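The block underneath contains the structure these notes are about, expressed in structure tokens.
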Amino acid sequence: MSNSCDMLIFGGTGDLALHKLLPALYYLHREARLHRDTRILALARSNHSREAYQGLAERRCRAQVARADFDEETWRSFAERLDYFSMDASQSADFGRLAKRLGNDPDRVRVYYLATAPSLFEDIASHLQVASLASANARIVLEKPIGHSLESAQAINARIGAVFDESRVFRIDHYLGKETVQNLMALRFANALFEPVWRAGHIDHVQISVCETLGVENRGAYYDQAGAMRDMIQNHLLQLLCLVAMEAPVRFDAESVRNEKVKILEALKPICGQDVRDKTVRGQYTAGKIGGQEVSAYYFEKNVDNDSDTETFVAVQAEIDNWRWAGVPFYLRTGKRLARKTSEILIQFKPVPHHLFGGGEANHLLIRLQPEERISLQLMAKNPGKGMRLQPVELDLNLADAFHKQRRWDAYERLLLDVIEGDSTLFMRRDEVEAAWQWTDPIIKGWNQHYQRPRPYPAGSNGPEQLQSLLERHGREWVE
Ligand SMILES: NC(=O)C1=CN([C@@H]2O[C@H](COP(=O)(O)OP(=O)(O)OC[C@H]3O[C@@H](n4cnc5c(N)ncnc54)[C@H](OP(=O)(O)O)[C@@H]3O)[C@@H](O)[C@H]2O)C=CC1
Ligand SMILES: O=C1O[C@H](COP(=O)(O)O)[C@@H](O)[C@H](O)[C@H]1O
């Protein structure tokens, strides 16, 4: 069981809190992983009584939690932990009221989860300090994206750092909480098989794809300012790239793992000038069909500017200038309203040096994070019968089947428990976030300088036409 703490969720009425954080906390409660004295306090400006907020939370959790896992009695005992406090997080005076409400208990662990827009992060940290709420036992959790650019991320990090030392800052990237993402480290560093071939000499290229069928839903106001580069590439996809490319850490602890990841981010070859045109594809969805349903164009979404040139799709050819990876392209792509929802990493090996049997495909390793968690290795095998006719076959490991008796944890469950226990191994360190912005900023600047507007792609397709040429000009293709 974890330590006892107060979990304060700023933005407690928002989509993230109701859709992800409370269901994750419900599961932790249900499985007796929360200390009996742990309390959850949701904070936002809207007025709600405790009962009204509990009602709202119950409706959202019911919709989110598997039917078989939701029962009245568990909910009632969970709701006893749950309270609501109405305050404006931009107002210092409201933190005085909050301090009174929490009571003076300097030894109590307090977790401040900032599930709000990043524009509030600096204010919240300062106000917590002034109200003496940032004691040595307090931790702060920051949602991604941290800032809008390198400069704004530095300002946020500096302000947060003036109040909380780095060991108490948890910059969350929920992709790091996904089981298969952690399995990627197990695959690489707990099996001797892959290490000798995990390098430029044997790997032709890597593809990292996070494709969604969803549009921007009710997050248009945020998304139209962010776009796919800031929303996904700067954090989730670069984190996946780091885990594929990093050296083995000396230990599985926060500093060792993050030291290795930051080396990869710092070794990313800058993409600027003409390279922005050649190595990136930007897209925006137009009307189309997803699963047989008509869906509207991005610029007709709620709270989106109808002349918006925000990208809902990005593909980039990244390169890592280091000894292990020189010359190996890492193709990243992500987009909304695509034909299918899938997150996967493909490691494409080089072909055999001599085709003894007159042909055959090169091996690849596919690590699928979503919708199902599986790892499959494509090998060449002989077709039964006369002659040496080859055919690709899959060595397939479905992780849900392999561990069928265990429920698969949601990423937020794992990460929330890590915060409560003070383990920051799966969280981003300040220098990582800044190195990621250092690489993405020039691409965004390049798009603006060259007026590289997003290319249209119909909802339900695989993205803009130009996506194919990113690989085809090097004789490669996306694996669909
Ligand atoms: N939604 C998601 O799936 C994900 C979200 N994120 C990140 O999480 C953060 C929150 O996102 P999301 O939940 O979607 O956003 P929402 O817009 O749904 O929620 C924002 C929340 O902040 C509250 N809020 C706004 N201003 C103030 C204020 N001055 N004082 C106190 N509370 C305030 C709002 O409540 P009220 O108006 O009542 O004050 C609301 O509860 C963002 O940084 C986003 O990038 C990251 C990953 C996924
Ligand atoms: O952080 C975000 O992630 C989701 C995708 O997460 P997943 O776990 O469903 O793959 C994305 O939809 C959202 O725009 C982004 O903010």
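Yeah, the Cβs are placed from backbone N, Cα and C, and that goes for glycine too.
For the substrate site, TrEMBL gives His174, Lys178, Glu212, Lys336, Lys341; the one candidate out of Asp231, Asp309, Asp321 that the record lists there too is Asp231. The distance from the Cα of His236 (active site, proton acceptor) to the Cα of Lys178 (substrate binding site) comes to 11 Å. Highlighted here are the binding-site residues (Arg45, Lys178, Asp231, Lys336, Lys341) whose C-beta falls below 6 Å from ligand 2: Asp231, in sequence order. Around the Cβ of Asp231 (substrate binding site), the number of neighbouring Cβ atoms within 10 Å comes to 23.
Between the C-alpha atoms of Glu212 (substrate binding site) and Arg45 (NADP(+) binding site), the distance comes to 32 Å. Across the residues annotated as binding substrate (His174, Lys178, Glu212, Asp231, Lys336, Lys341), the widest Cα-Cα separation comes to 20 Å.
Selection of the recorded positions Lys178, Glu212, His236, Lys336, Lys341 by a Cβ distance under 6 Å from ligand 1 yields an empty set.
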